[in-house]
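The following features are taken from TrEMBL:
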TRANSMEM  A:42-61  transmembrane segment
DOMAIN    A:43-267  domain 'Ion transport'
TRANSMEM  A:67-87  transmembrane segment
TRANSMEM  A:108-127  transmembrane segment
TRANSMEM  A:169-192  transmembrane segment
TRANSMEM  A:204-225  transmembrane segment
TRANSMEM  A:237-262  transmembrane segment
DOMAIN    A:387-637  domain 'Ion transport'
TRANSMEM  A:388-406  transmembrane segment
TRANSMEM  A:412-434  transmembrane segment
TRANSMEM  A:446-466  transmembrane segment
TRANSMEM  A:507-529  transmembrane segment
TRANSMEM  A:610-637  transmembrane segment
There are 2 protein chains.
Amino acid sequence: SQECADQGDLTAVYVSDAQFNRNIFFDTSPQAVSLYLLYNHWAMQMIVYVFIFVDLALALFEDPAVIPMPIWGTSLVEMICLIVFTARLFHYAKVIPRIRFWKDPKNICIIVIILLSLIDIIIYGSLKSTGYNAVRWSRVLRPLLLVNVTEGRQLRRAFRSIRNALPQILYVFFLFMFSMLLFSLMALKLFGKRNLFTVDGEPYFTNFLDIVFDLYVLVTTANSPDVMMPAYNYNSFFALFFILYILINTYIFMSVFLAVVYNNYKKHLKEEVRQLVKSKRQKMLRAFAVLQQPGSGEELVVSQENWNQLVHLVQPDISNAHRELLWSISDDCNKSHIGKLAFVQLPDLLNIQVITMKSRPHPLHIWFPLLYDSSVSRLLRHAVKHKAFVYIYDLIILVNAIFIGLDEENPLIAYAEWAFLALYLLEILLKLYTWEPRAFFAKHQFWNWFDSVIIVAALVGAIVNLCIKSSDGYTSRQILDIVLILRVLRLIRVVDSIKRFRTIINTLIKIGPTILTFGQLILVVYYIFAMVGMELFKEKVKYLEADSTDPYKDSCGTPLLRGTTFAKNNYCKNNFNNVVSSFILLLELTVVNQWHDILSASVSHVSARLFFVFFHIVVVIIIINIFVAFILEAFFVEYTVEKSDLQTSLEKKIEELELSVDKYLLQKQLSCPFFCLRAQQSVHGFKAVWLYNNLFHLFFSGYKTVDGLLQRMFEADLSLEDADDMDDPNFSNITFDSV
Amino acid sequence: SQECADQGDLTAVYVSDAQFNRNIFFDTSPQAVSLYLLYNHWAMQMIVYVFIFVDLALALFEDPAVIPMPIWGTSLVEMICLIVFTARLFHYAKVIPRIRFWKDPKNICIIVIILLSLIDIIIYGSLKSTGYNAVRWSRVLRPLLLVNVTEGRQLRRAFRSIRNALPQILYVFFLFMFSMLLFSLMALKLFGKRNLFTVDGEPYFTNFLDIVFDLYVLVTTANSPDVMMPAYNYNSFFALFFILYILINTYIFMSVFLAVVYNNYKKHLKEEVRQLVKSKRQKMLRAFAVLQQPGSGEELVVSQENWNQLVHLVQPDISNAHRELLWSISDDCNKSHIGKLAFVQLPDLLNIQVITMKSRPHPLHIWFPLLYDSSVSRLLRHAVKHKAFVYIYDLIILVNAIFIGLDEENPLIAYAEWAFLALYLLEILLKLYTWEPRAFFAKHQFWNWFDSVIIVAALVGAIVNLCIKSSDGYTSRQILDIVLILRVLRLIRVVDSIKRFRTIINTLIKIGPTILTFGQLILVVYYIFAMVGMELFKEKVKYLEADSTDPYKDSCGTPLLRGTTFAKNNYCKNNFNNVVSSFILLLELTVVNQWHDILSASVSHVSARLFFVFFHIVVVIIIINIFVAFILEAFFVEYTVEKSDLQTSLEKKIEELELSVDKYLLQKQLSCPFFCLRAQQSVHGFKAVWLYNNLFHLFFSGYKTVDGLLQRMFEADLSLEDADDMDDPNFSNITFDSV
């Protein structure tokens, strides 16, 4: 029995690894398996991310700091983080075979990062305590932890995509540089000898390297008319030179960059997803090998009982209705056992989001049946369910928008605000009266949660504000800010009423998780650039408050910037003096505009130029283009790709079960629970199903994971090959080193 | 016999219409056919375009003019243009049936444009002569002629694509506007009451409409850090507001715009190309119906003789070798007649570019056989053909680049320039000595032509320059400029030596013609905006030469601009005072940077803002995105799409004919003519073929026309449906009104 439990654990681990695309070759001994389960526990993963976050956040407290802390304090915290990472690594070493551990570059990376950080802490501490100057160079390595932890799969994949696209990007980049150099040479020859001057009185286009830099900035459009004006003022024909330059380098080459990045990104992602699908199959075949029993004929099968146990182990919170639905899809012919092919589908089935929901009577209906069923109450509920109710509230929101735009210090407007708040509260209460509260606040009812949280928060804020005002006699600016923001956020709800907007918003929400991966990618790159930038440029530019007595207050605390555009435009706060302002500065550089002005503030000229050009190439040309490529691809998928086979068979099965949607209810929206209103919401189309004498609803709403979305992207190309894999006679004999 | 000739004409017209995708339902009477042939003659089309060009160029001479001309002069020229357009329209009316003529919106458009222009000329002339003010409003209509002439097919298609994509773009745009309005409202509430000021001392974010405009400008990134600085300086946390705004509106929404534009553009283009393919088939079936003879069995066929005559009529300059190759592809089984299916392919076959070239002995070989075949001569030729020769000259070019970068007034450098010129001349002469001159200067030898023209022009320029210098004692700046530009252009040749660069460049050259269509599109839009802009904003801003005595010289001739960024940055020449500066200004607005500054110069505030926002939406959001979409698509096609069936069968046939490539020659590049060096140049791969005892070369280099490229883009999707069309029993019975 113990052995059985162990075997169950093992297969459950295989299935959940397949489901979440984990690729860890763990030891299959019972101890290792239970350690592995612990390793994958969400709490353990959470701890790792919390400590990575703490480690990264240390930059706020280290010199140059936002909030200064003594060196021993930050060092201590960093040591604790390093200990946690080491412990996590030890845990990992216990889970997988030793040889695997040392072969994995991820682990080597983490070990190197930990060791280098330790060395750096010691050197820095001892140098500082003896009064020497020192640089915390190991901070550049910190964000690499995000990439190298076991959970950073998505991020690693993004980095691999970039690395693979790099050669192609480089060829285009060299051609682009060549074109830029030719234009620079031409500019030198055409304008250099003409004694022209820029607005600042500098000689115009006389130094080759300056020209190259100016023309590079022109590609980013940041100095667009300025760089042209002296030549254009001299002779209108010279505008032709710049028009040609912009056409070729800004429009054509930048589009070619996007094309190359997009094309390569797609190609390599496809390859990666193919590998994922393959290894998922392998894991499921290993799980099958553990559970298999001889069936009728030669076929090996898995019984329904074993399958149920397995699903229960993998996903303990799955509802019976959901599990039975999945089984009935797998066991198409009702044989109460399934073969290899059907078994392998399990992780995909589990990855399809099916929302189960009990359809309960309204509590008021139980407590006060007569009152709740009275004709007035019925009329009220009917009214709330009517379309007009939605329209009326859309109108109220629009009127509210106008009131928000008016001056809130006018007492009339302030009173109106209370009236609006009351109206919104009334709306929520009416809806709660009409629909069953637990259904109204179900996990997937995004807009209900959104409305309620915003309204309740606004109410609390308004009351707190009122209290403070009546007690102290003045308004707290912070709380008022929050109240005002909440007021504006309320208006977002209008979007949900317009169908065309909903589809666009839903697509955006779908690709949300992947945008988070890009967020991590940007974080890693920004952090590295911020650390380097802080070491190179800190305190070169100072932001001085208005009451400062510094003689160079108007030129950012340095005589070098007196009279520059930088100082004139009040850009002093755009500096590398702490990690927060560094990040904001890097964002401004990503947006590109004025970046040449921002960089001109850095006193060390050449290193600043190199730093910024390199940043531009990495972030704007590569990462932003990959971001655009991903959004393009995601939108195309949403617009064009058909539902996957599994999705269709799920829907078919739901209909086959003859527990079909009560269409009358859905159309009339009479006694249907609230979410029926949103029935057409999803791009895939929801399905509301009465199951087990009206006790359950099953919703079907697409894929849970990013990998699911990715696999769906390339499904058309993959399905055929995968079928080949299944026929491959060697396929079921694949062995791992760890087996 | 006359009837036969007429019939031949008719079929030839069908085939060439199919080949060039002309969709004109002309009368089939012999007179109409010959008129139709005249109508399609390249000279006639050229005349139309020349007069459209003259009509558009009139804007240079009309008030506000670059070169002023009296009103009667421009009116006279415009009248002549209008007469030409009317004559062309009359010609068209003679060619097609009357009912077709009046049904076609293109013709109605042209008639309306001509009539309105006439009315405008008369009103304007009479008002001006009596001293009143008048507006030449009909000039806005002129570029529409480009769209509505029969030859403007590509342009019309581009406009149709935009029109079809418009609804989808609008939905996203409304959502984007909604998000912008919400952020504006929030900004008003957060920053309006804080008494902040911009750099110019204006109150910061206090007026809702100003905020909306500022945030719209932020989407274009043109006021990127500036708009944020007051809030950021006040409190670092407020940067979050702008970061969120930029992320959502600049990055996500702009990518979604691209995705929507791209997706819709692709979808509609596909549909259009499908229609094209269909009508091409129809035309070919009608041609077949004319030429068909009973063959063996029930099948109707076209004999080789008729086919040859037809091809000769359609393409009089086709070589015999080329024609026979095409026949042998069509007549796969050597039956000397072909059926319907093979016949229908003819226009596609004609659209595949096959370059025929006689392989002649070198003229020196004929004139001085002994000398030319002497061992020294052979060694020389061998050396020129060697790879090292190319490398040596690449090195020379690089050294030359450095010399160009140095100061040309140094006498040593000036002498070196003569040396380089001599070296380049020597190169061309050596190549002409080695390869047969007519092969060297064949039509498709782009780089040979490029080199020779640049070098000869540089030589002429240098000599002219020398003459002027020695006679007058000073250098002519214009001629020197040209010489310098030619010098730099020479460097481009390095690109051709690097294979990776060649593929990218070839793709760019391939999509060149379609970029021209976009050029026309931009011209139409720019012209309309320029005309409107000139009427609205002319003379609001003046560019004054340095020696001007205007009191407002430093503020562009108007007291309103004193002290503004516009005046400070010397932007005075960015105005609507004539058509050239208007076009350059519109280009600057397309590049987007500083556009809010440029527009702030226009004194009438609201109309200027509306004008510029509308321009931004039309040009940047729609047209530039379509441009990017097209480049993306073209690159994907070049990277991924396989060769078409026809292309493959052409190549197969070339090999089948056993006139196969002399591989030894190709590899060793010994006695192979010069172009073998470029054999791997094309993306499709060239094929060099010895044909008819080594007298001919056949090259194969992809499609000739834009439509060919487009059809290739969507071939995978189209081929199946087209096969359906062919099986359609009703298909051969399609009748046109004109038949």
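Cβ coordinates are placed from backbone N, Cα and C, and glycine is handled just like the others.
Here the listed stretches are A:67-87, A:169-192, A:237-262, A:388-406, A:412-434, and the one with the most C-beta pairs under 8 angstroms to the transmembrane segment (A:446-466) is A:412-434.
Segment contact holds for the transmembrane segment (A:169-192) and the transmembrane segment (A:237-262), given three or more CB pairs below 8 angstroms at sequence separation of 6 or more. Taking Cβ pairs closer than 8 Å, the transmembrane segment (A:412-434) reaches residues 364, 380-381, 384-385, 393, 396, 400, 403, 406, 440, 448, 451-452, 455, 458-459, 462, 487, 490, 674 in its own chain, all 6 or more past its ends. If you look at the transmembrane segment (A:204-225), the same-chain residues 6 or more away from its ends with a CB under 8 A from one of its CBs are 180-181, 183-185, 187-188, 190-192, 194, 196-198, 231, 242, 245-246, 249-250, 253-254, 592-596, 609, 613, 616, 620. When pLDDT values are averaged over the domain 'Ion transport' (A:43-267), the model yields 89.
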